[in-house]
Amino acid sequence: MTIQWFPGHMTRAKRQIQDKLKLIDLAIELLDARVPLSSRNPMIEEILNGKPRLIVLNKSDLADPRTTEQWMAYFASEGHECVAVDSSTGTRVGEIPMKAKEILHEKIARQAAKGMNPRAVRGLIVGIPNVGKSTLINRLAGRNIALTGDRPGITKGQQWIKVGTEMELLDTPGILWPKFEDELVGYRLAMIGSIREQVLNVDDIAFFAVRELAGRYWNTLAERYELDAPPKDAADSEEIVRVMEDIGRRRGCLISGGRVDLEKTSGIILRDLRAGKLGRITLEAPPY
Ligand code: GDP
């Protein structure tokens, strides 16, 4: 999915979410566990305007488990409840309704004190494209639901999806946009396959990927492609291109004159990275 976000689209998306906020008790902010910063909407606080929030790190099956632990601790230190899940298999997804109830326990207790029967907690999933919103909704619902996006001109009544007996979700997630102004954010999202390659050049994305991996995940890279010479300086572009060429030679990506076909090599690196063949990788650590 490629969405071109313009100021008008952002305003509309923000309004669509804000309209839904009136219907819900809490927002479920879905982030990609591999890039919790880059998959975050820069205006999330402002958009949610104080609405209780549960942070869910999705695709944790592809992320470095140690860094995911650090992120959980970081969000907790910031006063947020957080769960790390894998929506594709459902691992730990069951914790979401439990955490939601925990976040709203005071409200629920107040209702009970007034003699009201506490109703199911009502939630809305929000996140940038491709972070796994539809997959998570289907997983929580326990069945496949045909999700229609918010499209102008199509009016559709909101449907509540039951998640067990204690939670209900709006069937249409809130779609947010990432922080485009930062070039690195764009490249990181492209690396994990969240931005289509028509927008950014494959060679450039792979270059960024190798540069990032050569620092923190050199051993994984070296093992996968049988490399023996780490870059002397990961900030040196020529060194990174040299590593890419080594990978290309190992994979037989050669063109006339024995030169390395960098485009083909780049394709291989990105496919491996996105398929988890370079191991469980997180590109962003908590900011402390
Ligand atoms: P949406 O645009 O936010 O609704 O994202 P989708 O639900 O369409 O998911 C985007 C892609 O990510 C799909 O190919 C999903 O199969 C995949 N996906 C979603 N959640 C997970 C997860 O937890 N782990 C893995 N490995 N893949 C996931």
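Including glycine, each Cβ sits where the backbone N, Cα and C put it.
Automatic, uncurated: that is what TrEMBL annotation is.
Features reported for this protein in TrEMBL:
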{"type": "DOMAIN", "residues": "14-178", "note": "domain 'CP-type G'"}
{"type": "BINDING", "residues": "Asn58, Lys59, Ser60, Asp61, Asn130, Val131, Gly132, Lys133, Ser134, Thr135, Gly174", "note": "GTP binding site"}
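Locations of recorded TrEMBL features on the structure.
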residue: Asn58; record: GTP binding site; CB count, 10 Å: 27
residue: Ser60; record: GTP binding site; CB count, 10 Å: 24
residue: Asn130; record: GTP binding site; CB count, 10 Å: 20
residue: Gly132; record: GTP binding site; CB count, 10 Å: 23
residue: Ser134; record: GTP binding site; CB count, 10 Å: 19
residue: Gly174; record: GTP binding site; CB count, 10 Å: 27
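Ligand 1 lies within reach of Asn58, Gly132 from the binding-site residues Asn58, Ser60, Gly132, Gly174, judged by a C-beta closer than 6 angstroms to any of its atoms. Maximum intra-site Cα distance, GTP binding residues Asn58, Lys59, Ser60, Asp61, Asn130, Val131, Gly132, Lys133, Ser134, Thr135, Gly174: 24 Å. The secondary structure of Asn58 (GTP binding site), as reduced to three states from DSSP, is extended strand. In the predicted model, residues of the domain 'CP-type G' (14-178) average a pLDDT of 91.
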